[in-house]
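Annotation source TrEMBL lists Zn(2+) binding site at H228, D229, H232, E244.
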Amino acid sequence: MLTRIARLFVAAQSPVVSGRANRLFVARFASTVGHQSPNLSISYTCKVCNSRQGPKQFSRKSYQEGVVLVTCSGCDNHHIIADNLGWFSDLKGKKNIEEILKEKGEEVKRGLELLLAGGSGLTAIMNPARGDMVAAMGETTAIQPVLQNIKKRMDSDDTGREILRLKPRITEESIDRMRLLKLPDGTFGREYARFLDDLNTSPDNRPQVKYVDDEDLLYVMRRYRETHDFTHILLEMKTNMLGEVTVKYFEAIQLGLPMAILGSIFGGARLLTNNRRELITRNIPWVFDQATNARLFISFDWENHFDIPIKELQKVLNVTPIDVYPHV
């Protein structure tokens, strides 16, 4: 399964598929779960570039039970047609384009196909003026079965099981940043303190988990969010776009979180040509090996290893630094 997903990730970032990359990946990734023959389509006017689009095809099952995104061939913006899983919090509970338009006093004209009457209700999630809405989605929601699977994997690990029992937090109070600043350069704790200082941020700035009801699953999501920076440090990835996308690939492969999957794909599509080439030829092969072979990061007790040099910690977690990885 990982090998197949790896090929799909690379295909989605390839310049050869250009503007079709994102929609091709979403469609093909969905096919790993099961193929659905398209029996609905939609035509609309993109409000971003004012071009007529469609018909865009998708399955009835996806429209009624899943998530449907379509891509404008004129400006490459992505529009939400259906969201029955609650991935996109800005829809405020509305499940499809019909409900979105109804609130605006508009309607979808139905025939043999779904035909949009205007398109003003379409929500662009990659409009450069708005930023990457996939990142916003990642801060607000997750799919319950995915979180349950992560919890199950943590339960099967001795340290992960203890983390679930104690539910430690990564906060300004718990890390004691002044102590970390006094640690030797190159130690995990010192580099984490430097990471926070360089970004002028604090672990307390992470938004609270709001949309997960189960207490244990809420903690899994919180743990993922609070240890995201540790992944950056262990992988030695900067917080620029290329570094963020690479980390999202790692998280997508290890955890399977939809927001990490979509964040890696949509974020990669926004890279400049040279950075995208580096992502495809250098970072993706490396990060797939690391995510596949490394220990499950979310099950690691990071807070008990601040004194350890990063190079030693990489060995403990079975991570090969990208600078010494044997690239072809």
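Cβ from N, Cα, C; glycine included.
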> So how many other Cβ atoms are close to H228 (Zn(2+) binding site), meaning within 10 Å of its Cβ?
Replying inline: 19
> Near E244 (Zn(2+) binding site), how many other Cβ atoms are within 10 Å of its Cβ?
Replying inline: 20
> Relative to the mean position of the Cβ atoms of H228, D229, H232, E244, the recorded Zn(2+) site, which additional same-chain residues have Cβ within 8 Å?
Replying inline: F230, T231, I233, M237, T239, G243, V247
> If one looks at the chain holding D229 (Zn(2+) binding site), which residues at least 6 apart in sequence have a CB under 8 angstroms from its CB?
Replying inline: Y192, F195, L196, P203
> When a 10 Å sphere is centred on the Cβ of H232 (Zn(2+) binding site), how many other Cβ atoms does it contain?
Replying inline: 19
